[in-house]
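**Q** Okay, here's the structure, questions in a sec.
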Amino acid sequence: MRPEVEQELAHTLLLELLAYQFASPVRWIETQDVILSPPVSAERIVEIGPSPTLAGMAKRTLKLKYENMDAALSINREVLCYSKDAREIYYNFEDEVADEPAEAPASTSSTPKVETAAAAAPAATPAPAPAQTSAPAAALPDEPPKALEVLHTLVAQKLKKSIEEVSPQKSIKDLVGGKSTLQNEILGDLQKEFGATPEKPEEVPLDELGAIMQSSFNGSLGKQSSSLISRMISSKMPGGFNNSAVRGYLGNRYGLGPGRLESVLLLALTMEPASRLGSEADAKAWLDSVAQKYAARNGVTLSSPTAEGGSSSGSAAVIDEETFKKLTKNNTMLVTQQLELFARYLNKDLRAGQKAQVAEKVISDTLRAQLDLWNEEHGEFYASGIAPIFSPLKARVYDSDWNWARQDALKMFFDIIFGRLKHVDTEIVARCISVMNRSNPTLLEFMQYHIDHCPAEKGETYQLAKTLGQQLIDNCKSVIDAPPVFKNVNHPTAPSTTIDERGNLNYEEIPRPGVRKLTHYVTEMAKGGKLPTESKNKAKVQNDLARIYRIIKSQNKMSRSSKLQIKQLYGQVLHALSLPLPSSNDEQTPVKETIPFLHIRKKSVDGNWEFNKSLTGTYLDVLESGAKNGITYQDKYALVTGAGAGSIGAQIVEGLLAGGAKVVVTTSRFSRKVTEFYQSLYTRHGSRGSCLIVVPFNQGSKTDVEALIDYIYDEKKGLGWNLDYIVPFAAIPENGREIDGIDSRSEFAHRIMLTNILRLLGAVKSQKASRGMDTRPAQVILPLSPNHGTFGNDGLYSESKLGLETLFNRWYSESWANYLTICGAVIGWTRGTGLMAPNNIVSQGIEKYGVRTFSQSEMAFNILGLMSQKVVDLCQSEPIYANLNGGLELLPDLKDLSTRLRTELLETAEIRRAVAAETAFDHSITNGPDSEAVFQKTAIQPRANLKFNFPKLKPYEALSHLSDLRGMVDLEKVPVVTGFSEVGPWGNSRTRWDMECYGEFSLEGCVEIAWIMGLIKNFNGKGKDGKPYSGWVDTKTGEPVDDKDVKAKYEKYILEHCGIRIIEAELFHGYNPEKKELLQEVVIDHDLEPFEASKEAAHEFKLRHGDQVEIFEIPDSTEWSVRFKRGTSMLIPKALRFDRFVAGQIPLGWDPKRYGIPDDIISQVDPTTLYVLVSTVEALVASGITDPYECYKYIHVSELGNTVGSGIGGMSALRGMYKDRWTDKPVQKDILQESFINTANAWINMLLLSASGPIKTPVGACATAVESVDAAVDLITSGKARICISGGYDDFSEEGSYEFANMGATSNAAKETERGRTPQEMSRPATSTRDGFMESQGAGVQIIMQAKLAIEMGVPIHGIVGYVSTAMDKQGRSVPAPGQGILTGAREIATKTPLPIVDLKFRSRQLQRRRSQIGEWAEREYLYLEEELDAMKVQNPDLDLEAYRIERINVIKEEVVRQEKEALNTFGNEFWKRDPTIAPIRGALAVWGLTIDDLGVASFHGTSTKANEKNECDVIDSQLTHLGRSKGNAVYGVFQKYLTGHSKGGAGAWMLNGALQILRSGFVPGNRNADNIDEYLARFDRVMFPSEGIQTDGIKAASVTAFGFGQVGGQVIVIHPDYIYGVIDEATYNAYKAKTAARYKASYRYTHDALVYNNLVRAKDSPPYTKEQEKAVYLNPLARASKSKAGTWTFPATLPAESDISKTNETTRTLQSLTTSLTNSNENVGVDVELVSAISIDNETFIERNFTDTERKYCFAAPNPQASFAGRWSAKEAVFKSLGISGKGAAAPLKDIEIISSESGAPEVVLHGEAAKAATTAGVKSVSVSISHDDNQSVSVALAHK
């Protein structure tokens, strides 16, 4: 055959084969047999295609089938592939290389050897060189990258794993773990890289795939790898360190050729830095690490650069500095001349800056000298101390007394109930007075409601609360129109210092003997002390002598010598008076004189201040009246400085507030702690009409003094007040400074305590004068002191106090008497103040000398008495000098006395300590060293006990009050919450609850949050010391951490990095609000310098900018040069300071890996999906479900639904899609799917559930979670699902934060900081200063389940979802505007009379009657069935009557169930629906026997925005009012977002979780940021705003409301789970308790295992059924899972074929007897059907009247007592009917008909009494009965035999 014919035939064959391959079914096996078998027996087979796919199959076929035959026939076959074996196919063999001749022997001549490889370079002239240079490293033999390298790298890079983590023995399909999108991405990258890939490359192991692709691989990197390398270098290398620099560095340093360079850069792709490297040194260090790793992987040794010339080259050439200067001198001169030439041309003075600097230096030196002088004169402390701090922005206003009154009254009510207040003591009286001072009509209604509804029958404490509460109400009514008063009822106290046997010195305040109350105190003060007459009169004598001396001295006619003699005599008399009085043994009692401890002095004619009895009497009368009746300061305005905690000033502020004054108090240490102190002070003492304003203020600053008074008096920018009182008590201590130690601090203290007090008074005078306020002078309480240098060592303190006394004279001599009045208070020894606290221990000793010391409250009472109206009136006539010194000035040598007393105490204590030590030593010697151990105290440290408790289940007897609910609700239509959890700023729901309730973590909470944040981990093994250890260890150090030490060790860090705080960049991709990045378009006006880029990037620049960019290929490089030309537009990043820099963030260190989520999932999904996964698993575990597949034991896979939703979805994914993709950053290819809101639901199902039930994905902005609950409840009640996962989630992001700010919706952190707010305070719902919501992030999830299923499974029930609804609002143009659509939940038409249907008892009666009717209908149907069977038999003799009977019985039974459910809906679950006279909320509560008054808590959406709280409070108050909530029954308002911030989609879920925790605990958490409630909200009197947690005696129901942007409103009402248990019988309840206990143990173990092994989330690898079972499981509604031997839940191989209800049952057998009996004339038949739910076994009267003791014992012992009683009751009724006798009415007892069990267990009838007589009369010889009952009904047939 000619060659051309062969060629033509081959071509035809090829075409035919290709056509056959593409157009026909694949029959390659047969085709191979034709080709390989005779007669063809092809020996050379060539595959034309991209990879050897068919060739590989042919090789395997040859080996399996033809290998032996070919060997026998000597056939040598060849299988080739076009893409791999082109050289063999075309016979392109290389020529053989001729053998090289053997190397000649080495020459022995001296002729130098000539190298042929390259000519020697000519020697160059040496040039100046650095001290040391490096030569390039020795070249490494080059080797191009292999296809496997490229393949391996691309796969690892896409999987975001290191090269070691990707096994080359695995296929792409195995590596991606079923992620089809990721697989497609990799295949696309390979296609882009290699051009062509084999068929199905994803199924071939990487090493095999690499080998296949190697044949066609040319050793050069393709587009994909080149692009990745260029992108990595441009995005991660420092500026200027481009592609060429990278390659040059690696080549020079390690001698790498082009091929190995590519390999190293490939490896670098799998080691890419997380962020751009900061410097070239960092970049080189990173490249070094890559190169070393490459060398280790490839088994090569990298050489390092060597010093040039090596060790034999000698020293490197070095040039000296002088020579270098000479060489460069001419160049420097030339450049300088050119610079000066250019300057002259531009008319610029090059020396202008230096000249200006000289002038500035003169000025600077002058100012510096002045500043140095000022600092030298005043000192550093003074200089820093006078800095102003006043800011009106930071003013805190507290005036919501109306709210705190209700809070205090309620707290007192529960304190009595819980036994914390058992007796009427001073504490309870003081609290009652405080409540009375705030009496108002709303408060009276509030208290009256609680007292009227206080169940006194519950115990003594309830009775006491009711009694005392009513007394308090009566007292409040009596003072409602009276002004508030300050009345101190505390016991006066005395100092007590004791020293115990061991030498411990103890000081305490004890009740003062004989002085029980303040009236006794005033009497004691009036009596004064009893000192000897001589001592008392000594001062008076001295004064009188001084006056005589002055008169004599004034005589002009007296000689000089006489005057001198008189002067000497005067001095001698004074000296004699100063001597101590001689002791007397005279038995006569000396005469004693007294003056009051507190008295008023009046200035005498000669200018001395003398005791004035009249004024003192007036003052003491005021004190006595104040002690009895109180003092009012209503409508008074006061300024108080120096009122820190523990000071007299703080006590004065308390008194002023209690008396109704408005007070400005200043503080020099403005902080949250300080403002919280004043806020709590106002909360306790603020009375009706009072107001407290706290401002930062430095009394040492003149600026602050003026600014403060301007603020107080300015009507527009300030308060617009007119002060009535000024109490300038600010001071700082100067201890330890004698006259030679007067320093900067002393001068500053003098400025505070004297100079600026005068300035402050002057400023007040100026303000009053400028406003014409001369008829209302302000009383100034001057803080005087008896210390006129007496103590010493106190700097200028005495001088400051003495200086104030000049105001007594200035009042007369200056012009401000009409504006200010002066009252000097000489303050005595006051125990416990900041200045006097160190002297407390000697107070008792001081008092023994007849002096009186005072407590802070006593001294404050003294001063407040000076501020009464009577004393104020006295001050307007003349300055008042009030001596409140307690006789201290009459005590000589006070300092020495104090020192002596202190020394005696300390010596006594020291002696006793020594004696105790000696005694202990003797005892230990005598009895052994351990003998005292039994007497020593040992502190027992609590250990953490992480319980994760389920709701507590009460004894069944405790639910007796709910017995009316029995059988009244269809539990199949009741949704309950069985588990919940969250991921939020405070960790999970348990740790958040700790903070919400108590403001701190419990020990258990602290351990758990420390684990969550990765601070501790569990360890079990050998510790660092080599000893076995099991427990917590520090994650960083590995050191053991005892759980009791966790709180002390980590709490500070935890609090700093949890909750609402300044944004932490590491949580948000490095986002820093201080440098919020934006882009601005800029057009360049000159050509830029060129830079390097890859070829692709260069052409992309060209495509975008056209002629405005030049690109050129760089010779000998793969890089291109790019230059942007003039006119190019660029987007240049810029930054601004963004003012929203605070947010609620998940705890720092929260790591999904710690919960067990695999790395590939973490890298794949959006962070919000991780939050939802963790929340879902925790919620399931909280439900007692440790394996979600267990659910399929009870339900079909189609009955588990998911309604989790979000407001926005995956924010990180959206950011990647839009921002990162646009900026050409690496982004995963399937990022789109992670941005979908339903993707989180998909991951829940794929990783955890494998459910096939309904899914709804709500998107309701901030109301998403409530919308989710609404959807879940719809699915449960409609029967579409029996279990639902509901919840919501959302993230915090830079983009969302910026846009919320643009809307003006969020809190401006910058402004809040200016106002002195900490990040934790910036969310303040319901307060008068709220100003925008605080964004947050996280997720919340609930497990909502059908109640019947929950009981059956034994899962815990946390609450009943009694009501849920969503609503839109009205027409408008504002999407975020708050609306009132959810008011429709209270819609109803009022009726004139109460509706009986709402009453549970009424509905119970109707339902009982309906059940009787259903039973009668069933009886008739069963009786008619026999007639029906006879008729059917006649019509169709071949009919299977037995099968027909079974089916008809089942139909009847199902119809009975259906009718009962219909009845339950009619009178139970849904009785209120579609009734316009019953509001949905009223009806939903009435189902459970509740009313609107039983709604205890309202959890508010409470976003901390102005509009929301006004609207939401209005909505709730309107709902409650419209539904008839009682006056005074204010609902507790819970505002959770003060703690968590606003997580948008997850907010409602967190609130619902909190509401469920409230139901479980009865504890209502307060809004701790509610420092002052908005006055506007006072109108909503049915809402209370607690700021502190309140432990109640139980909450029955709670409301949760949510308002979302976009017209979404929602409301959920959850009800206490006890009401579910009231529906079921005792046996069912006890069985449920047992199941729940078992589940708790499993959940407890699971949770602790998760903490130990970090495996909370245990992702599923497969569904619970096999691939073959999938369709069968979907299509069989009865398919249920079971537990395998391996402990997993799977579906059995054989699924149930028919329903259990279709099987023959007892009812069928029971009714079969009807056929025989109806045809027997000697038998009477009785049939009775009873619904199990109709039999009330809780009705003891019914049970006792109708059942014998034997029957009761039998039924109560049955597994289902109610069903057993129903069976016995139906049997009795059937027996009665079979007797055919007349009855005594429906109420007649049936006890005479007894049903007993025979030995075989069959029921037997025993007749007693009248029943036996009636049977005998009717001729009945015996009665037999058959009973059948299930969970729904009981059927009995009785036969009376005659």
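Cβ coordinates are placed from backbone N, Cα and C, and glycine is handled just like the others.
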**Q** So which of S562, S687, S1404, S1412 shows up as phosphoserine in Swiss-Prot?
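**A** Among S562, S687, S1404, S1412, the one Swiss-Prot marks as phosphoserine is S1412.
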**Q** With Swiss-Prot as the source, identify the stretch among 101-141, 880-920, 1167-1207, 1577-1617 annotated region 'Disordered'.
**A** 101-141
**Q** Out of S162, S225, S604, S1699, which residue gets the phosphoserine annotation in Swiss-Prot?
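**A** Record annotation (Swiss-Prot, phosphoserine): S604.
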**Q** Would you say which of the binding-site residues E1730, E1799 has the most Cβ atoms within 10 Å of its own Cβ?
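**A** The most densely surrounded of these binding-site residues is E1730.
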**Q** Which recorded positions (H1501, A1774, E1799) fall within 10 Å of V1729 (Mg(2+) binding site) by Cα distance?
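**A** Cα within 10 Å of V1729 (Mg(2+) binding site): A1774.
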**Q** Validating a neighbour-count step here. Other CB atoms within 10 A of the CB of H1829 (Mg(2+) binding site): how many?
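**A** By my count, 26.
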**Q** List the recorded positions among C1262, H1542, D1728, K1777, G1783, E1799 whose C-alpha is within 10 Å of the C-alpha of H1501 (active site, for beta-ketoacyl synthase activity), in sequence order, or say none.
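**A** Among C1262, H1542, D1728, K1777, G1783, E1799, the ones whose Cα sits within 10 Å of that of H1501 (active site, for beta-ketoacyl synthase activity) are C1262, H1542.
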**Q** For the Mg(2+) site (D1728, V1729, E1730, S1828, H1829), what does the 8 A shell look like? I mean other same-chain residues with CB within 8 A of the CB centroid.
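**A** Checked against the 8 Å cutoff, the neighbours are G1415, A1766, G1767, S1770, A1771, A1774, I1827, Q1833, S1834, V1835, S1836.
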**Q** For the recorded positions C1262, H1501, V1729, S1828, work out the Cβ neighbour count at 10 Å and name the residue with the minimum.
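**A** Sparsest of the recorded positions C1262, H1501, V1729, S1828 by Cβ contacts within 10 Å: S1828.
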**Q** DSSP helix, strand and coil counts for the domain 'Carrier' (145-220)?
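**A** Once the DSSP states are binned, the domain 'Carrier' (145-220) shows 48 helix, 2 strand, 26 coil.
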**Q** Average pLDDT across the domain 'Carrier' (145-220)?
**A** 86
**Q** Can you tell me how far the Cα of D1728 (acetyl-CoA binding site) sits from the Cα of H1542 (active site, for beta-ketoacyl synthase activity), in Å?
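**A** Given the Cα positions, D1728 (acetyl-CoA binding site) is 61 Å from H1542 (active site, for beta-ketoacyl synthase activity).
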**Q** Go through the recorded positions C1262, A1774, G1780, G1783 and tell me which ones have a CA within 10 A of the CA of H1542 (active site, for beta-ketoacyl synthase activity).
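**A** Of everything listed, what lies within 10 Å of H1542 (active site, for beta-ketoacyl synthase activity) (Cα to Cα) is C1262.
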**Q** What number of additional C-beta atoms lies within 10 angstroms of the C-beta atom of H1542 (active site, for beta-ketoacyl synthase activity)?
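**A** Other Cβ atoms within 10 Å of H1542 (active site, for beta-ketoacyl synthase activity): 31.
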**Q** Count up the helix, strand and coil residues in the region 'Disordered' (1304-1332) according to DSSP, in that order.
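**A** Split into helix, strand and coil, the region 'Disordered' (1304-1332) gives 9 helix, 2 strand, 18 coil.
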**Q** When DSSP is mapped onto helix/strand/coil, what comes out for C1262 (active site, for beta-ketoacyl synthase activity)?
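**A** Where C1262 (active site, for beta-ketoacyl synthase activity) sits, the three-state DSSP reduction gives helix.
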**Q** List the Cα distance (Å, whole number) between S1828 (acetyl-CoA binding site) and C1262 (active site, for beta-ketoacyl synthase activity).
**A** 54
